[in-house]
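For reference, the structure discussed in these notes is given below.
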Amino acid sequence: MAYKLILAAFAATALAAPVEERQSCSNGVWAQCGGQNWSGTPCCTSGNKCVKLNDFYSQCQPGSAEPSSTAAGPSSTTATKTTATGGSSTTAGGSVTSAPPAASDNPYAGVDLWANNYYRSEVMNLAVPKLSGAKATAAAKVADVPSFQWMDTYDHISLMEDTLADIRKANKAGGKYAGQFVVYDLPNRDCAAAASNGEYSLDKDGANKYKAYIAKIKGILQNYSDTKVILVIEPDSLANLVTNLNVDKCAKAESAYKELTVYAIKELNLPNVSMYLDAGHGGWLGWPANIGPAAKLYAQIYKDAGKPSRVRGLVTNVSNYNGWKLSTKPDYTESNPNYDEQRYINAFAPLLAQEGWSNVKFIVDQGRSGKQPTGQKAQGDWCNAKGTGFGLRPSTNTGDALADAFVWVKPGGESDGTSDTSAARYDYHCGLDDALKPAPEAGTWFQAYFEQLLDNANPSFL
């Protein structure tokens, strides 16, 4: 999958060249005006006020009140880097009741996560045989880490059915497992890039084909109503509508993306299901020029769908590399204040609440975020980035009330996109200096990348 991050010049402009005098303050509406490590001036242009959203982020919002020096000023507190203890591959234990959880409940609490056989077979049959000794032993441990299973084509829906059958069998034997899956087949998919273009096109009845795809998923979920399922909904799609409508393919897909996302979450609003809409990552939508419009869009989708009770919140950092809580700001994040995922979700949640989506919760992909900083030259370099490692294991022990769990959405070792410039799905990001090459097509096994993740894993598998 791909994140074509066109972080437009206005994003940088919103943070650039702060002036000293209040009367000439350049921090306009939705710009940052304070927070931890903020080096600019704590002021806003006329007609706006500086509002503290959290310790990390204060923002200029419409209003005439004068900014508070305590709300807007930079904090002297320094965040510490989170390190995990042990190598547990499941969430905290507990019992699963026969009744579905309330919408306010964390779906990750009280269950174990299922390590699906598809990823296990990739690791055991493709990765391990090419390794030896301690490294082969370490690689085999990766197969035990629960990751999401991607339904990136209609035909791959059957893999979910197979996995749910395995889970039901294990649960009848006394287990308490939940399955994790990604819904990822919108028509005109991956509109701002090429690496993960999908099977449906809007000009070839793609909308109706997508509805049939959703109907197939719904039927299976209803057949397994006794099994808890967690869904990630359409990586990249809505985020592209925030930043990439200047791309013709995205502009043409805008209304369909919105309508079909609403359709999907309404149809899949089942008692045994919990859903998280994909919301990019801090290096994409976390920029001050993007985070306000993003909150409006996501809240509107949620409201247009009738505020489905099984939509728990948002997932961030899918297939990306951002750390959760960093003590040092990586150079490649430039002036972005929300350069790690904890800062991002804590800046995002209050804005969503203002737009009508309150009590939103998050899950955060940390599957490839173990090495910080990475080898990226820009935070938007999404394709097979060098210098990355397996990260924090799936867990509900996040230390933040907004974060339900750390998860592995992207199966580590599957390629982000091909580096073959002659390929139909070649994207230039996969040919950048900071992308590992040669790389196969998106979704296919990339042994060299798996070994990089294993070598740099934090916590280590060795």
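Cβ coordinates come from backbone N, Cα and C, glycine included.
The annotation signal peptide is assigned in Swiss-Prot to 1-16.
The domain 'CBM1' feature in Swiss-Prot is assigned to 25-61.
According to its DSSP assignment, Cys50 (disulfide bond) is in a strand. Marked as disulfide bond by Swiss-Prot: Cys33-Cys50 (among others).
For Asn37 (among others), the entry in Swiss-Prot reads N-linked glycosylation site.
According to Swiss-Prot, the feature disulfide bond maps to Cys44-Cys60 (among others). DSSP classifies Cys44 (disulfide bond) as coil under the three-state reduction. Of all Cβ atoms in the protein chains displayed, 31 besides its own lie within 10 Å of the Cβ of Cys44 (disulfide bond).
Look at Swiss-Prot and you will find 64-102 tagged as region 'Disordered'.
Summarising the annotation, Swiss-Prot assigns region 'Linker' to 66-99.
Per-residue confidence over the region 'Catalytic' (100-462) averages out at a pLDDT of 97. Annotation source Swiss-Prot lists region 'Catalytic' at 100-462.
The active site annotation in Swiss-Prot covers Asp190. All protein chains considered, the CB of Asp190 (active site) has 27 other CB atoms within 10 Å.
Annotation comment: Swiss-Prot describes Cys191-Cys250 (among others) as disulfide bond. Taken residue by residue with DSSP, Cys191 (disulfide bond) is part of neither helix nor strand, so it is coil. Within 10 Å of the C-beta of Cys191 (disulfide bond) we count 27 further C-beta atoms, all protein chains included.
Cβ neighbours of Asn223 (N-linked glycosylation site) (same chain, under 8 Å, six or more residues apart in sequence): none. The feature N-linked glycosylation site is assigned by Swiss-Prot to Asn223 (among others), with sequence analysis given as support.
Residues or ranges marked as active site, proton donor by Swiss-Prot: Asp236.
Annotation source Swiss-Prot lists N-linked glycosylation site at Asn272 (among others). There are 18 other CB atoms within 10 A of the CB of Asn272 (N-linked glycosylation site), with all protein chains counted. Asn272 (N-linked glycosylation site) falls within neither a helix nor a strand when secondary structure is assigned with DSSP, and so counts as coil.
Sequence-distant neighbours of Asn317 (N-linked glycosylation site) (same chain, 6+ apart, CB under 8 A from its CB) are His281, Gly282, Glu341, Val364, Asp365, Gln366, Ser369. Summarising the annotation, Swiss-Prot assigns N-linked glycosylation site to Asn317 (among others).
Look at Cys383 (disulfide bond): DSSP puts it in coil. Under the heading disulfide bond, Swiss-Prot lists Cys383-Cys430 (among others).
What Swiss-Prot records for Asp416 is active site, nucleophile, and it gives sequence analysis as the kind of evidence. Neighbour count (other Cβ atoms within 10 Å of the Cβ, all protein chains): 29 for Asp416 (active site, nucleophile). A coil conformation is recorded for Asp416 (active site, nucleophile) in the three-state DSSP classification, outside any helix or strand.
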Among the disulfide-bonded residues Cys33, Cys250, Cys383, which residue has the fewest other Cβ atoms within 10 Å of its own Cβ?
Cys250
Secondary structure at Cys250 (disulfide bond), reduced by DSSP to three states:
helix
What Cα-Cα separation, expressed in whole Å, is found between Cys50 (disulfide bond) and Asp190 (active site)?
36
Which chain-mates of Cys430 (disulfide bond) that are at least 6 residues away have a CB under 8 A from its CB, listed by sequence?
Ala195, Cys383, Asn384, Asp416, Gly417, Thr418, Ser419, Lys437, Ala439
Cα-Cα separation of Asn272 (N-linked glycosylation site) and Asp236 (active site, proton donor), in Å?
25
Can you count the other CB atoms that lie within 10 A of the CB of Cys50 (disulfide bond)?
27
What's the CA to CA span in angstrom from Asp236 (active site, proton donor) over to Asp190 (active site)?
7
